[in-house]
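Swiss-Prot has this to say about the protein:
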BINDING   Gly42, His43, Ser44, Gly45, Cys46, Gly47, Lys48, Ser49  ATP binding site
DOMAIN    5-239  domain 'ABC transporter'
REGION    281-667  region 'CmpA-like'
Amino acid sequence: MSLFVAVDNIDKVFSLTDGGEYIALKGINLEIKKGEFVSLIGHSGCGKSTLLNMIAGLDLPSEGIVTLEGQRIKQPGPDKMVIFQNYSLLPWLTVKQNIALAVDEVMKGASAAERKAIVEEHINLVGLGHAVDKRPGELSGGMKQRVAIARALAIRPKLLLLDEPFGALDALTRGNLQEQLMRICEQYQVTAVMVTHDVDEAVLLSDRIVMLTNGPGSNIGGILEVDIPRPRKRMEVVEHPSYYSLRSEIIYFLNQQKRIKKLRAKKTTAIARHGLEKVNLELGYVPLVACAPLVVAQEKGFFAKHGLDEVSLVRETSWRGIVDGIAGGYLDGAQMPAGMPTWLTAGGYREQSIPVVSALTMTRNGNAITLSKKLYDQGIYTAEDFRQLLLASDGDRHTLGMVHPSSMHNLLLRYWLAAHNINPDRDVHLKTIPPAQMVADLKAGTIDGYCVSEPWNLRASMEGAGFSIATDLEIWQNHPGKVLGVREDWAIAHPNTHVALVKALLEACAYCADPNHEMEIRELLATRQYLSTNIDYIHLGDPEGRTCRLGNPVEYSHHLFFGDQFNRPSRTEHLWMMTQMARWGDIPFPRNWVEILERVCRVGVFSTAARELGYDVNYQRQPIALFDGKVFNADDPIAYLNQTVIHRNFTIAEVHLDNPTPAPVFA
């Protein structure tokens, strides 16, 4: 498909009656290929119809241009046909006459017989042969919309534009018309752009779904590729492995936009007290056993002890929620996968650098690679068994879940696969899934396995859904798991608060490491407020240090919360994670990697906090030892990258970092 429509960096500004301005759209860039069906989705007021009107030529952008086949769109015309929700039929004309009026006006060069044939063809196309002589007042809403579709297609437009065409129809009629439109677009390779509020409609009809953020200044928050093959049938679409992940992706985006709107309206003023710049903090977490230090700091009073007496823990269902909260400035800090501060700083989020610092490693270990019971029943007990299965699969796709590109789950899973000569980008399909969804997807058969933190490996085993083929003790013992992350500008604006936060969480980590507190912490985590799960699935660690065995219904977590060199941020470890993210194309490897590590790893903040608590600080650099015996050379990371056998075509580039400045006083 060739480029057909180009929306080039457009803004749309409306003048207000009081002399002010309203910025509806800001910096919209979109390319549409010939024959592609693109849906625009977002909340009311996000500018969907405004964008559609500019593509139609019904309105002009304030800045930027829109082109059709390389020609600038300046006005409406029959090459760009719009179907509105309200049909726009002439009430005194019949079905046939409404369509014929458009055909006669546009196709004056065709003979009367040719025009008549075109009208009849499109009446039959939408199934209205029995109603050709009826006027709009005699038709149902669905029939009227079919007339509008037939009229639009009959004049052979280059581009079909639909503004919520089925929004006013009942569910049955809407479903039938969606099927008809889908069939027509597939048959005639129609290029279409549709505005919709209906998530299922967008997934069913689209090749791509463009998600718009809230206004004012709405922009494209994400574009989803719909990888469901055509021709499509509704019941086959809902059974496709991608259907529910696409649907949940859109719903997550829409819910997140609602939340952002509320947070914008809230604008909590920072409360300074106890010598701290801010005591009312919003800290994000994902419900995992690894969130124990945050829960303990809140419930056992460590936050309050260090002056942070108005802390709110914000529960997110996925790491993407944490990313959005940090990127948007709606969270003061968060529990993060160990690689996320580096990923954000190096431009992993929408290819823009968001400097994030980490002054505390809160957990180590706690991960495992789980495969389905179906694979176990097929005799897949080792990585080599799995590799042989893939070699014999004859093109069958095997999907493995992970939680985020920057997570140790993704990096360790990829490392484990590659070390066993399995290409994680070619031989399997890696899919980002929220942790709490892993077991359900494993049971449903939409994935073959995953790498995730507890309690989801233990739960899969206890419920007979899967088994752990490897734990982190067998891949990289004592690797960093979760860290505390805050934006760099926030840390600069709140230096005393930052130290107090690290002190509170470091004390909480020590509390979690005491075996005498395990049952108390398990009970706290199991409550509805936090993990909301059966306490039997929650274990902080196994004092005997056992790893899982195949067929053993009880598998153990190996979290380490506190100990010598366990909590200090390590530049060497962050460098290893940086090389792995570059290896798999999630970030370019930064030429200025030393600068990035210095900006990310705030050893000084950790040292201050630890010493004020009376803890010793060990600065000795530890070697990184993974199961395959490969040595990580922290002095020459590019040489290390070049020595990897399986990798993507990684790039090396300077990552531009702005000079650090304090965050605004509003959270």
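Placement of Cβ uses the backbone N, Cα and C atoms for every residue, glycine included.
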Taken over the domain 'ABC transporter' (5-239), the model's mean pLDDT: 92
Other CB atoms within 10 A, centred on Gly47 (ATP binding site): 25
Neighbouring C-beta atoms (10 Å sphere around the C-beta of Gly45 (ATP binding site)): 15
Three-state secondary structure, which DSSP defines for Gly47 (ATP binding site): coil
The one of Ser44, Ser49 whose CB sees the fewest other CB atoms within 10 Å, among these binding-site residues: Ser44
Which of Gly42, His43, Lys48, all binding-site residues, has a Cβ with the fewest other Cβ atoms inside 10 Å: His43
Proximal but sequence-remote residues of the same chain as Cys46 (ATP binding site) (Cβ under 8 Å, at least 6 apart): Leu212, Thr213, Asn214, Gly215, Ser218, Gln257
